[in-house]
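Asks: Here you go, one structure.
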Amino acid sequence: MAPPLFLLSLQLLVLLSSPSAQAQNISLGTSLTTQGPNNAWLSPSGDFAFGFRPIDGNSSFYLLAIWFNKISDKTATWYAKTSEQEPQPIQVPSGSILQFTSTGVLSLRDPTNREVWNPGATGAPYASMLDTGNFVIAAAGGSTISWETFKNPTDTILVTQALSPGMKLRSRLLTTDYSNGRFLLNMETQRAALYTMAVPSGNLYDPYWSTPIDENVTNQVTNLVFNTTGRIYVSMKNGTQFNMTSGVIRSMEDYYHRATLDPDGVFRQYVYPKKPSSMSQAWTAVSIQPENICNAQTKVGSGTCGFNSYCMFDGSNNQTSCVCPEQYSFFDEVRKYRGCRPDFELQSCDLDEAASMAQYEFNLVNNVDWPQADYEWYTPIDMDECRRLCLIDCFCAVAVFHENTCWKKKLPLSNGIMGSGVQRTVLIKVPKSNSSQPELRKSRKWKSDKKLWILGSSLLLGGSVIANFALSSVLLFGTYCTITRKDVQPLQPSRDPGLPLKAFSYAELEKATDGFKEVLGTGASGIVYKGQLQDELGTYIAVKKIDKIQHETEKEFAVEVQTIGRTYHKNLVRMLGFCNEGTERLLVYEFMVNGSLNRFLFSGVRPLWSLRVQLALGVARGLLYLHEECSTQIIHCDIKPQNILLDDNFIAKISDFGLAKLLRTNQTQTYTGIRGTRGYVAPEWFKNVGITAKVDVYSFGVILLELICCRQNVEMEAAEEEQSILTYWANDCYRCGRVDLLVDGDDEAKLNIKKVERFVAVALWCLQEEPTMRPSILKVTQMLDGADAIPTPPDSSSVVNSFP
């Protein structure tokens, strides 16, 4: 009996030599474009197409892909990836081209004519899109195959396709996001196995499903086969076959077939009717593996769903869903695999038993468990005592009770599952409904520091730099107000417990700064002085003395501060209070021990690459909070190294909101005069157009390059003239494939050259002249984190307009 792979290869050669296939051969010198009618090569029947497929939800970018051409949603079965050790899906912008050159080379090029993908086949006489869904490139002579998509699968296999040991399927991140996902089907010499993976590093956790292993036989697996009857099985060298799927197989004549490793980690075999009907047509899963992925557990990692969530399986449609417990919410409603976070402040370990019982209670949920997350257990015990022991334990977030046994668990919770077979009752600790504890909801949880509580009414917790903006905008936006100082009554100290700002007297701040003696720096609207409060801790502060004041009404100011004053983020400098006494206007901030990024980065000693990476991510996350996580969007308008401060742990914090703009709900742009600092301002500042959050994205792109290279954007004394302006030079280095020149002498960065290239590409996307071409700051953070693939950035001349 011939091995299955040999039979498949023989069948493929027959197809290549048939008249119908030859009629569809792709000739040398042929090309495809992203737009227009010539964007794909079809198989003889028209069932499959190979070419440019628009990204779902973003028609400006394309995959080089194969798809079911006669199905309305054009379901992709293959898409090109990079040739890196951890291949990433390739996305190209409009204007890209795929050439099958006269020398027999298939080459994908972006609008700048830079090659972004090449399968490595040379001297090919022709290529073909076959009716099997396989795209093949013939070897010289035309009798054998040099390269084919069936040997380079992504997340899907088709009928007649086989996977041999060493080949793998990688799930997508989401159905509409083709970035590498969290699950892998790996063909090994001893078995076929499904793994959970770490994103973005790609390391494997424990397998959650595999074929049986015979310890007495080595190299026992031959292939995973999707045969012409619709069966999917793993063939062994001893002749046995292990069925991967066991669904009711539909006919090949009436149905399209595929098998996909889906974003939820389930390997599903699907069918789709070829003939249109009055019924709604869709892919139907006829078989799955594993039968219930919610039962999968890993010793490391979050499990099937993200941390602090639990998995539910619906057997009626073979679908899984991830759920947050009550009073928890997803970090990202779209990317639910990132897990859940509490919508409340976690229990302080300073609370005694009485206080804990007064402030916290439990939500009870049946048939739920988080296996492997317990750190303590008791037996025999009743539920009331289990409840009490968890309630007084500040580490205990959840207690699980079953048959007189109690398990205590702390965050993060992993391997969460709900099902009728889970004979457990969970007690989830939450604040009591009448508790005065504020919910954090969309902001990061503030972990209270015992020393700060000592300050009591002197420094209320949770002060926000956003309140800084609210006050600064009131004091500085003279363009938009006509009310004089005498019309404004001094702001009284807040009696609202939700307004965590202290109203300082001028005398207090004059004493704290020793008569405004030590200057820390100058901002857009005043001078910043170092000070020290006369409290029990001797807290150091930074006091900004505002000049050139113009006001809006006190009522509008109070409403705005009360609206956003409770928010907080680790990457924003925290505002502690203010002074609004007579004609004096001062702002009080937390003091940043390590000064500004400007001084830290350009002082002559190159910081570690790993630290620069964390600083870049911190600035991006701070901007993400301003742009997309606040209830009211904030445009900073003056992002530069001088306005990025570093605390004692070298965490980057955005400061100086004196030029910021606040957008109303549903407002996406504003019109205002030029703001910002030369070398960091976006081109649209010099045009009569609306200003959007993309001006901050542009400024971040400049800072990102400065962090990569440890030099300022403009250095007219540079050794080489082409290196004088960093944005020019970085663009040239990237286009020439020499980003290593940007980190010359930095051994740590060169060891991470792939990440350097990734960061440079992100920066060049941020520096696009057209604002709509720049990614959102959310997309920027995803690309920096490695969660999203990065298309090749167009060659933009935006930097010219940065220096009027």
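Every residue gets a Cβ built from N, Cα and C, even glycine.
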Asks: In Swiss-Prot, which of these is labelled N-linked glycosylation site: N243, N594?
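Replies: Swiss-Prot records N-linked glycosylation site at N243.
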Asks: Pick from 60-80, 459-479, 606-626: which range does Swiss-Prot record as transmembrane segment?
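Replies: Matching range for transmembrane segment: 459-479.
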Asks: From the disulfide entries in Swiss-Prot, identify which of C324, C340, C349, C406 pairs with C386.
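Replies: Within the candidate set C324, C340, C349, C406, Swiss-Prot assigns the bond with C386 to C406.
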Asks: Could you tell me which of C394, C396 is bonded to C390 by a disulfide, according to Swiss-Prot?
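Replies: When Swiss-Prot is consulted, C390 turns out to be bridged to C396.
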Asks: Regarding the disulphide bond with C340, report which of C322, C324 Swiss-Prot records as its partner.
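Replies: Between C340 and the options C322, C324, Swiss-Prot records the bond with C324.
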Asks: When you check Swiss-Prot, which of C305, C311 turns out to share a disulphide bond with C294?
Replies: C311
Asks: With reference to Swiss-Prot, which of the candidate residues C322, C349 participates in the disulphide bond with C305?
Replies: C322
Asks: From the Cα of C311 (disulfide bond) across to the Cα of C322 (disulfide bond), what is the distance in angstrom?
Replies: 5
Asks: Relative to the Cα of C294 (disulfide bond), which of the recorded positions N58, C386, C390, C406 has the closest Cα?
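Replies: So, spelling it out, the nearest of the recorded positions is C406.
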Asks: Can you tell me which recorded positions out of N25, N238, C396 are within 10 A of C340 (disulfide bond) by Cα, answering none if there aren't any?
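Replies: Taking N25, N238, C396 one by one, none has a Cα falling within 10 Å of C340 (disulfide bond).
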Asks: Among the recorded positions N238, N243, C305, report those whose Cα falls within 10 Å of that of C311 (disulfide bond); none is a fine answer.
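Replies: For C311 (disulfide bond), the recorded positions whose Cα atoms are within 10 Å come to C305.
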Asks: Looking only at Cβ atoms, how many others are within 10 Å of the one on C311 (disulfide bond)?
Replies: 25
Asks: Would you find the one among the glycosylation sites N227, N238, N243 whose Cβ has the most company, meaning other Cβ atoms within 10 Å?
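Replies: Of the glycosylation sites N227, N238, N243, the highest Cβ count within 10 Å belongs to N227.
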Asks: Sort N243 (N-linked glycosylation site) into helix, strand or coil using the DSSP assignment.
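Replies: DSSP assigns N243 (N-linked glycosylation site) to strand.
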Asks: Roughly how many angstrom lie between the C-alpha atoms of C406 (disulfide bond) and C390 (disulfide bond)?
Replies: 9
Asks: Relative to the Cα of C396 (disulfide bond), which of the recorded positions N25, N238, N243, C305, N318 has the closest Cα?
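Replies: Ranked by Cα distance from C396 (disulfide bond), first place goes to C305.
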Asks: Cβ distance under 8 Å to C386 (disulfide bond), same chain, sequence separation 6 or more: which residues?
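Replies: Looking at Cβ-Cβ distances below 8 Å from C386 (disulfide bond), excluding near sequence neighbours, one finds Y378, A399, F401, C406, L427.
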